[in-house]
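Database features, via TrEMBL:
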type: ACT_SITE; residues: Cys134; note: active site, proton donor
type: BINDING; residues: Gln105, Lys173, His201; note: FMN binding site
type: DOMAIN; residues: 43-234; note: domain 'DUS-like FMN-binding'
Amino acid sequence: MDYENKLVLAPMVRVVRDFSSSNASLPILGFYRVFLRTQGALPFRMLAAEYGADITYGEEIIDHKMLKCERVVNEYLGTTDFVEKGTGGVVFRTCPEERDRVVFQMGTSCAVRALATAQLVCKDVAAIDINMGCPKSFSISGGMGAALLSKPELIDDILTTLIRNLDMPVTCKIRLLKSPQDTVELARRIEKTGVSVLAVHGRKVADRPKDAAKWSEIADVVAALSIPVIANGDRGHVECFNFSPKGKLPWEEVKREYVRKCILWDNDVKSTKQTIKELIMHHSCLEFPEGKAVNKCETVADLGKLYGEEEYCIAVQESRS
């Protein structure tokens, strides 16, 4: 998997950025573009890919959760679903069209579980990524995410176990440590495990999203390593986060296309509504008629009707009947 000069869709929680074009790139990297924050589910990944994303990360999934799943080929949708036993809930959904670009990001604190999870999904994704940067309490309390930053031996164990047993790229994402030197030393240690790429979020664990990312400290990591480094942070060095070669696209067009993909891939309605509401809040207010109408929708078909895609919804249903 080639990471050089690529547009990368990040494994994050919310959708808040523009789908538009720009030639701007990070000076400290030269050959990398930056992450776009995302909901991470299949429809949004496919939307980003349609608009020009070369690599798309799925949302972080905890190893314990994934190991409760079984791999199911969904012939109805043309997808591969990882379905939780007992509940029937789809924990991760992918499709052959994204096989060569989708990265599965995992939350883990155990090399054995990490490998078992990776082996479950490895036939259906392009790479495995370990999240070592999440500062959320649920992640840290479980020894995952940013909790790993203080456990370099465990980091070595997880990454080397994956790399020795998988025939695919293994990557990870970290945050900045207390000092630039500490961050560089950890990055060098991670590089020695054989990872293909290291992503660095330009904030420390205690920092909040409102705090500016420290790009100079990421630059220190770039200078110290020979493997590719992906910078992750805020918008300080670029005009916009973007994919589309057509230029800035109208938000109405983006929302409709997203709804179409949610219809096509039978996306969870709660996830769909959350993403649409994020798009609305970026330019408007949920208290306006559109936001209130979205809140009232109970199915993805309802959303299709709201956004003028009722005929498309019917056509998709008929094609599968």
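Placement of Cβ uses the backbone N, Cα and C atoms for every residue, glycine included.
Remember, TrEMBL labels are computer predictions, not curated facts.
The CA atom of Lys173 (FMN binding site) is located 9 Å away from the CA atom of the residue listed as 'active site, proton donor'.
Other residues of the same chain near the FMN site, with their Cβ within 8 Å of the Cβ centroid of Gln105, Lys173, His201, are Ala10, Pro11, Glu60, Asp129, Asn131, Met132, Gly133, Cys134, Cys172, Ile174, Ala199, Asn232. Site extent for FMN: the farthest pair of Cα atoms among Gln105, Lys173, His201 sits 15 Å apart.
The Cβ of Gln105 (FMN binding site) lies under 8 Å from the Cβ of Pro11, Tyr57, Gly58, Glu59, Glu60, Ile61, Asp129, Ile130, Asn131, Lys173, each of which sits 6+ residues away along the same chain.
Per-residue confidence over the domain 'DUS-like FMN-binding' (43-234) averages out at a pLDDT of 95. Cβ contacts within 10 Å of Lys173 (FMN binding site), excluding its own Cβ and spanning all protein chains shown: 24.
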